[in-house]
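Per TrEMBL, the features are:
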- B:4, B:5, B:6, B:7, B:8, B:9, B:10, B:11: NADP(+) binding site (BINDING)
- B:98: NADPH binding site (BINDING)
- B:183: L-homoserine binding site (BINDING)
- B:198: active site, proton donor (ACT_SITE)
- B:351-425: domain 'ACT' (DOMAIN)
Ligand SMILES: NC(=O)c1ccc[n+]([C@@H]2O[C@H](COP(=O)([O-])OP(=O)(O)OC[C@H]3O[C@@H](n4cnc5c(N)ncnc54)[C@H](OP(=O)(O)O)[C@@H]3O)[C@@H](O)[C@H]2O)c1
Ligand SMILES: NC(=O)c1ccc[n+]([C@@H]2O[C@H](COP(=O)([O-])OP(=O)(O)OC[C@H]3O[C@@H](n4cnc5c(N)ncnc54)[C@H](OP(=O)(O)O)[C@@H]3O)[C@@H](O)[C@H]2O)c1
């Protein structure tokens with residue numbers, strides 16, 4: 001086996017493979033033949049024989065001694081080129097790289113299909129949580145209706161801390177960085193892009209077709225304020241960054257998918273409402289199974305190494321049966337693209353917090369404007385005052401997003417309306 | 001494929017296999033060749049070609065046309081004899097029968113090992129929830145510390161209803177029977193035996209050794225009263241029937257396992273505390289993964305059929321690669337017996353509700369008696385009066401169960417003590 005990368009996950013994986021007592025005995029059949037890194041002189045936490053750690057990664061992926069390449073570098077390049085080259089040389093691939101798979105899954109799966117090699121990626125979604133393999137193996141008999149997930153630990157930690165009153169978004173982010181729960185550049189997490197990568201992968205699996213990442217709508221958590229968390233709480237909700245992939249229906253027939261990431265008001269009694277801190281959870285709803293949920297640590301060296309190593313074990317087990325014929329359930333044959341509905345077509349409830357200069361007159365005007373676009377209101381509450389402006393929180397019934405946005409645009413143009421600081425979707 | 005049994009799960013499975021549009025295409029390669037039932041003349045919900053449904057089950061398990069036997073009869077006999085005979089004839093086995101596996105797993109796995117056939121049993125634990133396969137495949141790299149589970153839907157439904165104030169144990173049980181959530185003879189569920197079967201299977205898998213069912217301690221829920229649920233709630237707990245398998249440690253080395261089923265006070269913030277109604281959940285804690293939980297429907301025709309059919313699909317996929325060499329991860333090679341600690345050696349906290357004739361003097365006496373046996377008390381609360389008797393609820397710190405029982409025996413012999421209506425362990 002050749003491992004590319006010896007950072008957080010690479011080190012965790014090598015530690016796990018070297019400490020085999022009391023674990024699956026198949027481990028003893030695996031040899032860590034090469035580990036590729038960028039800087040040869042960095043001190044390493046794991047002890048490997050001389051000559052195992054090298055910095056010529058191209059040599060590893062073409063080495064005839066190597067059967068399996070484990071890609072733990074991260075990012076798109078050089079990971080993409082190395083993985084493609086490894087496939088050309090007939091190596092089976094294990095990766096934890098969601099960015100690579102969500103962007104270049106197409107290219108990689110096609111190449112793997114032609115070369116007759118496995119690509120396994122349990123660690124790419126949900127860290128240590130078994131979810132890719134259960135979806136492929138245990139749930140593939142189902143018709144999936146929705147996948148609803150908390151799959152970014154950083155943002156879930158920040159929202160949980162804010163919920164518990166630990167401070168504003170910025171305070172909590174700084175804490176999270178100091179604790180190692182958020183990276184120095186947290187933008188991919190905060191902006192929802194990391195969750196978008198992951199839900200794209202889950203959606204392609206659950207709905208059996210490729211997903212164009214650029215069609216996945218995503219919105220981050222930086223607009224979630226403490227005050228919205230408090231109001232949501234009073235209305236019976238918690239705010240979570242949800243990643244959702246949903247099989248829409250039209251006239252009871254499957255229509256395009258809705259695939260999206262955004263802060264969402266989740267009813268307190270919903271199974272995802274109590275998933276806190278850095279934990280992740282993936283809720284799958286299908287027919288005939290109903291609802292199943294997978295919960296666990298979404299990141300961290302040990303948990304992620306568990307997922308990577310389980311891919312290694314299972315790949316070794318399959319290859320022991322046959323190195324020629326692949327297990328058809330474990331390959332990625334995504335022949336079609338899944339069509340995705342634009343976000344304007346989404347049918348959802350909305351929460352909006354509106355600041356107004358003239359509270360008494362505004363409720364009627366809101367009603368009229370919303371009514372004009374077919375938006376009906378579930379509740380309208382005058383919640384308080386901010387800087388002498390009356391604050392109104394509305395929750396709508398189900399509405400087409402495009403219609404809601406148009407109504408809101410008209411409302412925001414009214415003289416009495418100062419601004420709409422927060423708009424969130426409601427589950 | 002030959003299916004034995006066309007009851008709840010059998011019918012669900014046949015319906016699923018016949019309705020293959022939009023499901024895994026491998027389904028189309030499976031033929032339902034025979035279905036065995038007891039009464040040929042019963043009306044059936046599923047339409048199968050003439051001659052498929054027969055009542056000679058012995059003929060099915062020895063039929064050379066059949067590669068896979070799916071056992072959905074339930075109970076020990078004739079299921080055991082049929083499965084063993086099928087194995088002798090080289091058939092691969094899929095079963096949903098926890099009673100059979102927990103009692104005769106040994107015999108069946110040994111026979112299967114000799115014959116070189118698979119035995120798959122995803123549906124035997126947790127209904128539709130993927131848990132057997134994830135434990136085998138995704139978590140087998142971990143050293144498991146504990147499996148803590150709610151794996152009996154009937155009792156969880158009853159406890160949840162009692163918790164919500166829907167009535168006494170007997171009222172709720174009657175309702176559950178009317179709703180089809182409890183069987184006409186609910187004793188195996190209520191008494192904890194069904195959960196004991198399932199935790200024995202999970203423990204053998206998680207700790208890689210056979211379990212003697214007779215060594216698994218189990219206690220049912222019939223002693224859980226509304227009043228205990230109320231007191232538990234005030235103390236910050238909910239009462240759940242937990243099935244627990246735990247790797248004890250002595251001097252930091254693995255000691256015998258503790259495997260048991262009993263009503264348990266679960267802290268409200270614990271992930272299992274919010275698993276309500278007929279849902280099941282299995283929480284696995286291991287190294288390096290940390291905590292992962294699998295949640296979903298623990299019974300029902302559709303959910304269980306999903307688990308049975310996923311075994312069918314995966315078995316077909318493996319057999320397509322090779323009918324000779326089995327996937328080593330999917331076989332059951334349990335060469336040793338796991339040693340199990342007797343319940344007296346358990347270290348746990350206890351909750352006890354004590355009725356006394358003379359409240360003022362009794363608290364001191366309780367303290368003295370408990371102290372004599374090394375039982376230290378976390379809290380002692382005089383909760384009220386029942387039939388002119390003062391009621392005292394104590395919660396202990398961690399204590400050896402044997403010591404606690406001895407102390408309690410001495411306490412119960414005191415003149416001032418009337419009785420101890422409830423004793424539960426605390427998680
Ligand atoms: N961290 C987590 O909790 C987590 C969880 C789930 C998935 N993942 C995924 O796992 C992958 C690895 O993440 P990580 O946190 O382990 O990353 P990391 O700590 O940054 O480690 C990256 C490793 O790759 C090597 N590397 C980077 N660029 C290279 C290049 N151009 N040539 C050769 N080697 C190069 C680095 O070498 P040097 O050591 O020489 O610098 C380092 O060993 C990513 O795809 C990530 O998304 C991570
Ligand atoms: N029900 C659930 O939700 C659930 C969930 C998880 C696991 N399971 C397990 O699944 C298995 C089946 O349960 P079920 O609820 O489907 O049972 P069920 O409804 O009672 O069906 C039993 C079937 O087996 C047949 N049968 C029974 N004894 C027989 C005999 N001596 N000879 C021939 N056929 C016989 C019956 O035939 P007739 O139809 O002719 O009477 C019937 O078709 C059990 O092991 C159970 O523990 C059930």
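From the backbone N, Cα and C atoms, a Cβ is placed for every residue, glycine too.
Caution: TrEMBL annotation is automatic and unverified by curators.
Checked against ligand 2, the binding-site residues B:5, B:8, B:9, B:11 give B:5, B:8, B:9 in sequence order as having a Cβ less than 6 Å away from one of its atoms.
Neighbour density for residue B:6 (NADP(+) binding site): within 10 A of its CB lie 24 other CB atoms from the protein chains shown. The distance from the Cα of residue B:4 (NADP(+) binding site) to the Cα of the residue listed as 'NADPH binding site' comes to 15 Å. Report note: the NADP(+) site is defined by B:4, B:5, B:6, B:7, B:8, B:9, B:10, B:11, and the residues of the same chain whose CB lies within 8 Å of the CB centroid of those residues, excluding them, are B:3, B:12, B:13, B:14, B:72, B:73. Secondary structure of the domain 'ACT' (B:351-425), assigned with DSSP and counted as helix (H, G, I), strand (E, B) and coil, comes to 26 helix, 35 strand, 14 coil.
Remark: of the binding-site residues B:5, B:7, B:10, the most isolated position is B:7 (fewest other Cβ atoms within 10 Å of its Cβ).
A gap of 21 Å separates the Cα atoms of residue B:7 (NADP(+) binding site) and the residue listed as 'active site, proton donor'. Listed in sequence order, B:44, B:45, B:46, B:301 are the same-chain residues at least 6 apart in sequence whose CB falls under 8 Å from the CB of residue B:11 (NADP(+) binding site). The CA atom of residue B:10 (NADP(+) binding site) is located 15 Å away from the CA atom of the residue listed as 'NADPH binding site'. Distances between the Cα of the residue listed as 'NADPH binding site' and those of the recorded positions B:6, B:8, B:9, B:198 are shortest for B:198. A straight line from the CA of residue B:183 (L-homoserine binding site) to the CA of the residue listed as 'active site, proton donor' spans 18 Å. On its own chain, the residue listed as 'active site, proton donor' has B:98, B:102, B:124, B:125, B:126, B:149, B:151, B:152, B:243 as residues at least 6 apart in sequence with a Cβ closer than 8 Å to its own Cβ. When secondary structure is read from DSSP and collapsed to three states, residue B:8 (NADP(+) binding site) falls in the helix class. DSSP classifies residue B:183 (L-homoserine binding site) as coil under the three-state reduction.
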